[in-house]
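Asker: Input: one structure, supplied below.
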């Protein structure tokens, strides 16, 4: 029906309206298959190349996370040794049990007390080794994950916000939480077991060779079946693992939206539709998991058939050797027990190899963040002393922000074009313009969230690209239009700005933001404010963010529509307070409020990414475009 196209049982695509994955069942239908769900037929040679590429990528991702064990190599070696010890002890328990039984039948008068002593000793060694394995392997896993989580958090802080551009929030959070939990399984149950699966069978095959000769090598064939079956399906494992992790990330996003956006969903009458999306995503993950289960069953079946065939062959051969007298009959059950122990020690690894597709997908997402290069070109770090009050009011421009012919392009769209302006130190500069003119971008360049695409920005005569971003931001404070409030208390939120602040400083910042009465009514500094400040109104959250900025006492204060959610009566009071707090502080304020603009020492008018005019509020009132921007407020 669709020539030159192959319909797969699972067809994946991103829907145009929402970020979800759609599954189409392979069935007879007369409707044409959508273009986005068609899979072109692939030649066998191309499929083989694709399979090899996926296997190499999987191996690369796994080896990259194995490198995390270097810091904990001693504990890793100990864990591996303990695993080998308790596996050999378990094999010894089985083999010695059969030997004791055989000796009791063949030679019942022989003393076997020492054999029972050895059996009990091996059982105790196995039990103790198993306990230590479970203890130390998980200790190793949790230490490695703690180190990786810290590294991941530092990377996110280092590359944000530019380095996170184009990444889904669900993927970033999943890398730090869900994917890390999956890697815990790898470090606790795979890395050491993989090495033990090489050592233990080698030792046991050597013992078996001493008992039955070259026929012991037949167990190698069983090992190849056990390990080879997951490798045969490795390409499918990788694809399924990526789909499962992606599906779980989408499901997590939908679940968070169900909670965070519950009010909007109710108001817009979309709660049932959103519930359907959650249901579809849940069923999709279930189908993905089912596909994994079927694939694992196929791997187990293939491995089971091969190992069983080898076991039967070995039993037939050894039985024949017992019959013709070339093998002691008492060794037959011991040999069978040892051969079973060989396959058991490898079976655990084979089962873990069946999870390598999903583990490698997790590792790939984690590595994609850990390996992200620094999006900003940090040069030689330069440290500066805080701006003194004298310098702030002396008119010195030594610590000014000097934009020199700055242009900035974001996703192939030019946002700023040839901006040249000086932000004087210790003064307030208001940036005014229509929405989308580039006002916020201009301020973010000063904070070094981004670097200019062309031109340069100087601070104290030094290009910002030669100043370490973290050291530079230590001097800054940002109050965005919708500032984030962290889960906790007033105290914990304010302490983010100044960790060692005392209560007097905290209350001073709260008073400056006009929220003393609110904090007092709610129970003081240690009053809980809910998840992301949900117990506060929008205006109250914004005032808390303002208080945080005031407490920081920054050298550069950037206010991005900070009073957008503030009551007009309270706005006047806060403006008076901020005018005092801005003394000695270079301030960039992005605003449409005439009350904020009028207090600025300098007003920069931007339109379509270019500077339209620069001057004071009184001077710019003569400009028609400026008056049009403030027309509604001027009439009032």
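Each residue's number is its place along the chain shown, starting with 1.
Heads up, the Cβ atoms here are built off N, Cα and C, so glycines get one too.
Bear in mind that TrEMBL entries carry predicted annotations, made automatically and left uncurated.
Under the heading transmembrane segment, TrEMBL lists 75-100, 112-132, 186-209, 215-236, 301-323, 329-350. For 77-358, the entry in TrEMBL reads domain 'ABC transmembrane type-1'. What TrEMBL records for 401-633 is domain 'ABC transporter'.
Tell me about the setting of these features in this model.
Answerer: Tertiary proximity for the transmembrane segment (112-132) is limited to same-chain residues at least six positions away from its ends with a CB under 8 Å from its CB atoms, namely 82-83, 85-86, 89-90, 92-93, 96-97, 99-100, 103-104.
Residues 50-51, 54-55, 58, 201, 205, 208-209, 295, 298-300, 302-303, 305-307, 310-311, 313-314, 317-318, 321, 335, 339, 342-343, 346-347, 349-350, 353-354, 356-357 of the same chain lie 6+ residues outside the transmembrane segment (215-236) yet bring a C-beta within less than 8 angstroms of a C-beta in it.
Outside the transmembrane segment (301-323), and at least 6 residues removed from its termini, the chain residues within Cβ reach (under 8 Å) are 212, 215, 218-219, 221-222, 224-226, 228-230, 232, 329, 332, 335-336, 339-340, 343, 347, 350.
Here the domain 'ABC transporter' (401-633) returns a mean pLDDT of 85 for the predicted model.
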